[in-house]
Amino acid sequence: MAAYKLVLIRHGESTWNLENRFSCWYDADLSPAGHEEAKRGGQALRDAGYEFDICLTSVQKRVIRTLWTVLDAIDQMWLPVVRTWRLNERHYGGLTGLNKAETAAKHGEAQVKIWRRSYDVPPPPMEPDHPFYSNISKDRRYADLTEDQLPSYESPKDTIARALPFWNEEIVPQIKEGKRVLIAAHGNSLQGIAKHVEGLSEEAIMELNLPTGIPIVYELDKNLKPIKPMQFLGDEETVCKAIEAVAAQGKAKK
């Protein structure tokens, strides 16, 4: 029997997801479809009777709005919310804002897959002349970050490395106190949590496609190890289509 339950949810489709662009730390909002995904995710949690004690999320609006929508659906908008840059999306550096399919057509799908799916290979850095450099690096929500903490690019390994301290120092104690925890975050930061919780290999985690807007449930033992595979709260067809859509990103259009 599970000692704890942990629920994760990836934000709904953003405006830049809709345009198939590398979103990174750019603060894209939810698209209309993404808002509907978040509503359906919240309804799935409501239908399953989930209640929470604390929520944790990033400082990016597409996730914050997803969380708001979920909490509205389950009528728990009063819950405390902790926001942290450590749960932000991976920083895609110089690729930020580029269309993934066009980038694949220009550089080849193999190169884009290396940038997107290699565990420890970072993309090109975001240079000061990048059109979104000031938009991100000068954003006051990051004013307290040190020069070492504020990235110009990240590999998945880097993203996991900055998310894990928050997991160990903030999330784990909440779970062990018996708090019912909901984490709303991004594909790469949630991959990091999944890798750590499940003990996945570097290769396995890079093939894990987490769907947008669909709650993911872990049942954990007293050592916070899963007693069964992650469970998606949604009908099988919807979940499969959402996973396939994520997997198809980064491919050149035929």
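The backbone N, Cα and C atoms fix where each Cβ goes, glycine too.
With a 10 A radius on its CB, LYS100 (substrate binding site) counts 25 other CB atoms from all the protein chains. Taken from Swiss-Prot, the feature substrate binding site covers 10-17, 23-24, ARG62, 89-92, LYS100, 116-117, 187-188.
A coil conformation is recorded for HIS11 (active site, tele-phosphohistidine intermediate) in the three-state DSSP classification, outside any helix or strand. Per Swiss-Prot, active site, tele-phosphohistidine intermediate is recorded for HIS11, and the stated evidence type is similarity to another entry.
Summarising the annotation, Swiss-Prot assigns phosphoserine to SER14 (among others). Other C-beta atoms found within 10 angstroms of the C-beta of SER14 (phosphoserine) number 27, with every protein chain shown included.
Secondary structure at SER23 (phosphoserine), taken from DSSP and collapsed to helix, strand or coil, is coil. Taking a C-beta cut-off of under 8 Å and a sequence gap of six or more, SER23 (phosphoserine) has these contacts in its own chain: SER14, TRP16, ASN17, ARG62, GLU89, TYR92, THR96. Annotation source Swiss-Prot lists phosphoserine at SER23 (among others).
Counted within 10 Å of its Cβ, the other Cβ atoms near TYR26 (phosphotyrosine) come to 21, all protein chains included. Look at Swiss-Prot and you will find TYR26 tagged as phosphotyrosine, backed by similarity to another entry.
The DSSP secondary structure for SER31 (phosphoserine) is coil. For SER31 (among others), the entry in Swiss-Prot reads phosphoserine.
Reduced to three states, the DSSP call for GLU89 (active site, proton donor/acceptor) is coil. Cβ neighbour count for GLU89 (active site, proton donor/acceptor) (all protein chains, 10 Å cutoff from its Cβ): 25. What Swiss-Prot records for GLU89 is active site, proton donor/acceptor, and it gives similarity to another entry as the kind of evidence.
DSSP assigns LYS106 (N6-acetyllysine) to a helix. A C-beta separation below 8 Å, combined with a sequence spacing of at least six in one chain, links LYS106 (N6-acetyllysine) to none of the other residues. What Swiss-Prot lists as N6-acetyllysine is LYS106 (among others).
The phosphoserine feature in Swiss-Prot is assigned to SER118 (among others). Take the CB of SER118 (phosphoserine) and look out to 10 A: across all protein chains shown you find 15 other CB atoms.
The annotation site 'Transition state stabilizer' is assigned in Swiss-Prot to HIS186 on the grounds of similarity to another entry. When secondary structure is read from DSSP and collapsed to three states, HIS186 (site 'Transition state stabilizer') falls in the coil class. Sequence-distant contacts of HIS186 (site 'Transition state stabilizer'), defined by Cβ-Cβ distance under 8 angstroms and a gap of at least six in the same chain, are ARG10, HIS11, SER58, GLN60, VAL63, LEU87, ASN88, GLU89, ARG90.
If you look up Swiss-Prot, you'll see LYS251 (among others) marked as N6-acetyllysine.
Marked as N6-succinyllysine by Swiss-Prot on the basis of similarity to another entry: LYS251.
Marked as N6-acetyllysine by Swiss-Prot on the basis of similarity to another entry: LYS253 (among others).
Residues annotated as N6-acetyllysine in Swiss-Prot: LYS254 (among others).
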Inset, instruction - Compute the C-alpha separation of GLU13 (substrate binding site) from SER31 (phosphoserine), stating it in Å without decimals. - result: 6
Legend entry - CB within-chain contacts under 8 A for CYS24 (substrate binding site), separation at least 6: GLU89, ARG90, HIS91, TYR92, GLY93, LEU95, THR96, GLY97, ILE136
Inset, instruction - Would you mind pulling the DSSP three-state label for SER118 (phosphoserine)? - result: coil
